[in-house]
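Working notes, beginning with the structure itself.
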Amino acid sequence: GGAPRRWRRWAPLLAPLVLLATFGWAWAFTRIYTRPHSRVVANAWISANLPDGARITSEQWDDALPGDGNVSVTETGPFEDDEPGKFLGRFVDDEWKPGLIEQLAQTDYVGISSARVYGAVQRLPHRYPATLRYYQALFDGSLGFDLVGDFVSLPTILGVPIDDTGAEESFTVYDHPRVFIFKRTERFTPENAQSIIVGDQVWDEVYRTSARLTNEAPTMLRLPERVWKSLATSDTAYLLHGPAGLAALLLWLGAVELLGFAAFGIAWHWRLFPPQRALGLARFLGLVLFAVPPALVATRWSVGRVPLAAWYGLVVAFGLRLAWFRRREIRATWREARGMFLQQEAVYAAFLLLGLAIRLLAASPGGAGDELQLAQWLAVLRSPAFPPYDPLFAGGHLAVPYAALLPVAAVAKLVGIGAPLGFDLAHATLFALLALLVWVTLAPARGRRSAPRAAGAPRILAEQSLEQREVEESAASVPTPEPASAASSPMARRPRLWPTLVPLLGAGLALVPGLPAGPWREPGAVGALLSGGLAQVGALMLVAGAITLALEAMRRTDRRGLRSSAGVLLLWLLTLA
């Protein structure tokens, strides 16, 4: 076509452009060697502007800035491990060694000749927390020092500088470091410096870890500062004064059903699933769509109940609007497959009631396991930013997997239900969704295969399922075989209830704890309900939902063996999870 020809016309220019860009960067970088070294420029400035006898600090393991000998240099030890003596002073071999705060009080200027120290300690926040506070206060001026000299030599091309100061510190510290000189002002006091640098530092929480370990555990299971601030300002009064009893149950069910209808409209509009399965998958899709985006935002910013309610309203309005556009197709398909839709709703309602009964009658409130699960559930509800706090580890964040709680926790926050009641409703909802997903996965897509398509009927009726269409197309091209006798036909011997028994059997295998792996395995969904394992039930539901969506994609192919194997895999994953 025309587009490939246009690309071929520009292709000969690609290699020259790559060579030009490579040469341009090389040329820009070599410009730093045509100018005086930034340390040399800074040193000359010190000689010309600092009074004789002025005192200036230098950093250990970095180059000093002595001027032409007109200043006195004091070496600090910023790479020493953070401990009180590093900043407040200590005795070393019966000799007093002043700390950083005392050195700052006795100096006139602070010289930083490269990013060797402040660029390196940023990668070790748990090893140098107080040192990082010192640099932050020094650069923002709150320590009482003003920036009087900033010397940098950047790569340039055609006079345009290329800022590479954000590169890894070893890239710049040798041949073109950025040099800073700060002057002490009257705002500096040792008391203020001590308050800023070591005021509330907990020294037992200084971890002498390597950069590799820090990268693997960036927070050391400690709660980030932004989460602490969000917890202090969050409104959690609803956990004590929220709706209860029948009102809470109706609000919960209404919120979940609205999400389900909205997701049904979205799935129908874009033909994400076959019509008979769209309603069964809608609640799962709606909960995930409602919970995941706010949870991702909460990893960076605080998300309260008002933004959560706004997102809920947006999702519901969007989905219901799409369903309204397709209302004629939906109404026609409802008439065609009403029995299957009602069957799915009955499965969801039955397992929802069963889950509530198990939680309210069979569970043993007050047990240690149940109390721990409830405390973790409360932590997720109270945290407007993630990760949530750990109820057992003061100052830490929740280390157990909590992602499976997010779909139902978002609904609990939205409705404003207290923790104990919301805990039970969340159990029952996840349990019912798990059963429904297994049912939808294993139940065959049934439609009126023999009924001719009515004139003017919506196109969606011709697409009751992709499997039905494949069967009809193959039946039209293959000669009809001789009819088998009633005694010899396998379909004649199969019970008519078999299509219903298959999903029932699958749901039983998935929900009964320990089957078929044996009683030595961890409990399944029912056992998790009994023990208060909300995260386990949620994880089972998410696994079932993921596999169900994968199977829906596989159903668009004719790989029946692959689909059967995936169905067996679904049962085993749900049983062994």
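For all residues, glycine too, the Cβ spot is worked out from N, Cα and C.
Under the heading transmembrane segment, TrEMBL lists 244-268, 280-303, 309-325, 346-364, 425-443, 497-516, 528-551. TrEMBL lists 471-492 with the feature region 'Disordered'. The compositional bias 'Low complexity' annotation in TrEMBL covers 474-492.
Stretch with the largest number of CB pairs closer than 8 A to the transmembrane segment (280-303), among 244-268, 309-325, 346-364, 425-443: 244-268. Of the Cβ pairs linking the transmembrane segment (309-325) with the transmembrane segment (244-268) and spaced 6 or more residues apart, 3 or more are under 8 Å, so the two regions touch. Packing against the transmembrane segment (244-268) from elsewhere in the chain are residues 275, 278-279, 281-283, 285-287, 289-290, 312, 315-324, 326, 329-330, 411-412, 414-415, 417-418, 421-422, 425, 429: each is 6 or more residues past its ends and has a CB under 8 Å from a CB in it.
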